[in-house]
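Reading through the structure tokens given below for one structure.
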Amino acid sequence: MLKMRLLIVVPVLLGLVWQILLRAELDGVSFFGMYISANNSGAGSYVRTKKGNALKEGFCSLTMDEVSQNTEGITGLLNNITSHPYFRYFKVNLDRECRYWVAEASCTCDSNGCQICTCDDSGIPETLKYPYDMSDVSAVERRTAPDKHAAKGFEDEIKPIDPDRDATYVDLLQNPEANTGYSGPKAARVWQAVYDNCNIDGLPSNDTAGVENREKALLRQLLSGLHTSITMHVAAFFYNDTKGDSPLRSLGVLNNPNISFYPNCGMFRRIVKNDEFIRNLFVVYQFVLRAVAKTKRAFLANSSLYNSGFNGAATDGDVRLYSNIGELFSSKLFRVATFDEQKFFESPGAHLLVRQMKRVVHNVTTLMDCVTCEKCRAWGKLETAALATALKIVFGSAENVVELNRGERVALINFARQLAISVKNVRSLAAVCEKFNYTAMS
């Protein structure tokens, strides 16, 4: 009980730091005001100074420049893949209560973009319907024994969850991850709890403590990278493009031709000025790429899994999807080991560390029920579930023998797409914001 109270009353300093860092240039800006554009030349310094930057931390194999260049070739494929009904619909329970503090919904369709539009399952192809909450990682985590080093303030016992009758389908194509106006103390409190519970203690002390610190740092890097990706999506897709003339339309970062945005260049600059944020984005991206690469056999073994036609027949779209998945796995980012898990396991205590990391990330998935913005909660549940899946894959089964359920497939591929778009936008938005400066007018 005391630990739970600490979660409630501990100041939200870390989350507030993020708010300050990312919104210091937004003073006086209305989230839903009009925008103006003007020439600007101060947004491209990151691209000019960081080319070829090698990631020496995070057990990554490729330089940031190599990752960026090769990402250009897969964003189109990921857009196509996540537009197919198999990956487009994410079934999730958005009505679970926050178990850590009282969190009431704070947005409606009439007031802002927080509300999400769920789908009647009559519009879902029969062969693609799924009885479970795709964000539920309990079944995965139950295979991990209870850990006395579980994150502070969270329950150690994981209870099984039956098929969720309250879960509904979310059309991810119609509800892209973008600015909703959700910010301030409520958002900061969630991020504070996330970071507050990613410290892992209890590993044995020995002469390789420095190496162990590197392994310990990985979890925080992954969560920080996730945080950076979410914030990049908010910055990139900030103002609604009601005129249809946003420069983002031609950059391949949108996968719905009917929904477009203008970026918030001030917010973007605040993100890319922080080298650590960007490095951590590339760390989590390479980690997830490694996870996807190890699932090649699972994704390609049976093309009929993706069939959406009558009585399970393959449509032209299903055939294209399977072809796109094959092409994706043929690209360089999925043919090289972007993350070196063997090097990670050279450290004493690494296996114990992995168990703890999995439990911490499980706790983070439950924290998403405390997000009071529906759209943010849906994407948060998808992305944290995908991170839990990536941990299971990278630190678990040998390559090409991975088994995935439907929810894990949907979450993992959509998360890979979100990270790829964030990485692409590091350079794409720099180019856009060198020419234009989108700011708000009240």
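For all residues, glycine too, the Cβ spot is worked out from N, Cα and C.
These figures come from a predicted structure and were not determined experimentally.
Here C373 is paired by TrEMBL through a disulfide bond, and of C376, C433 its partner is C376. A helical conformation is recorded for H227 (FAD binding site) in the three-state DSSP classification. Here the candidates are the recorded positions C114, W191, S224, H227, and by Cα distance the one nearest C376 (active site) turns out to be C114.
In the set W191, S224, H227, none of the binding-site residues has a C-alpha within 10 Å of the C-alpha of C373 (active site, nucleophile). Pairwise Cα distances among T180, W191, S224, H227, which the record gives as the binders of FAD, peak at 20 Å. The secondary structure of W191 (FAD binding site), as reduced to three states from DSSP, is helical. Within 10 Å of C114 (disulfide bond), counting CA to CA, the binding-site residues T180, S224, H227 contribute T180.
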